[in-house]
Amino acid sequence: MNTLQAIVLAVIEGITEFLPVSSTGHMIIASSFFGIAHEDFTKLFTIVIQLGAILSVVVLYFKRFFQTLDFYFKLLVAFIPAVVLGLLLSDFIDGLLENPVTVAVSLLIGGLILLKVDEWFNNPNAAETSQKITYLQALKIGLFQCIAMIPGVSRSGASIVGGMSQKLSRTTAAEFSFFLAVPTMLGATVKKCYDYYKAGFELSHDQVNILIIGNVVAFIVALLAIKTFISFLTKNGFKVFGYYRIIAGIILLLIHFFIHPLTII
């Protein structure tokens, strides 16, 4: 992987990580289009640059992120299902990650759901602040997030739909999804990095520089993406993301079956 390819992937990570469109699907398309090699460092890169995206949430919501102790316990409750199922289903999930068709189908199904989510969960009494989320609601949102263990589903999409199903407003559901991303993505990143460390994987000086560049780019782009997304949600719904996912899923299937087989990076 060269620096330009790293920047491209980091931009995609920053844009798609917090939008309900699946970062995995976009990484597949980008790696195919730009000829990015399917190698260990590429896999590690796509994991580590999530740290830059995570930092954008902490910076953007700095005051709100450091709220009451009760808020952290709610995040913990929402995070626990991902920890439990992630450990129990690790091998099964890794198997799914090898299949780009799974990603494409997930994009299509998720797109159809997003076309209807505003109609299903249009609640005039929706909670407008994450402080009003109950522990039971937090747990249910965490369970919804686990659906995103299926590649292509989108972690943010699953948790946002989960939040709206619990009578949260669109923006509140999205913001709680951002908060929940911090422990979830941080935990997943640490685990994967530890796995690479145990396997004896070593980084070259150039690779370290590429990781630094990737994180900086992902951080900046994610900041802009989150601000734009929240601003968009205050006036619009999820239909545009639904149509976008359907188009992306169709493109993936067409490329995979009629141009050349795709691989997961």
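First residue shown is number 1, and so on along the chain.
Keep in mind that glycine also has a Cβ here, set from the backbone N, Cα and C atoms.
Remember, it's a predicted structure, so these values are computed and weren't measured experimentally.
Listed in Swiss-Prot:
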TRANSMEM  18-38  transmembrane segment
TRANSMEM  41-61  transmembrane segment
TRANSMEM  69-89  transmembrane segment
TRANSMEM  95-115  transmembrane segment
TRANSMEM  133-153  transmembrane segment
TRANSMEM  171-191  transmembrane segment
TRANSMEM  210-230  transmembrane segment
TRANSMEM  245-265  transmembrane segment
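Scored on C-beta pairs under 8 angstroms, the neighbour of the transmembrane segment (95-115) with the top count among 18-38, 41-61, 69-89, 171-191, 210-230 is 18-38. Remark: the transmembrane segment (133-153) contacts the transmembrane segment (18-38), by the rule of 3 or more CB pairs under 8 A. Touching of the transmembrane segment (171-191) and the transmembrane segment (245-265) is ruled out by the presence of fewer than three CB pairs under 8 A, sequence neighbours closer than 6 excluded. Below 8 angstroms of C-beta separation, residues 1, 6, 9-10, 13-14, 17-18, 27, 31, 175, 178-179, 181-182, 185-186, 188-189, 192-193, 196, 201, 203, 207, 210-211, 214-220, 222-223, 226-227, 265 of the same chain, each at least six residues beyond the ends of the transmembrane segment (41-61), sit close to that stretch. Outside the transmembrane segment (18-38), and at least 6 residues removed from its termini, the chain residues within Cβ reach (under 8 Å) are 1, 5, 8-9, 12, 46, 53, 57, 97, 100, 103-104, 106-107, 110, 114, 151-154, 156-157, 160-161, 177-178, 181, 222, 225-226, 229, 238, 241, 244-245, 248-249, 251-252, 255, 260, 262-265.
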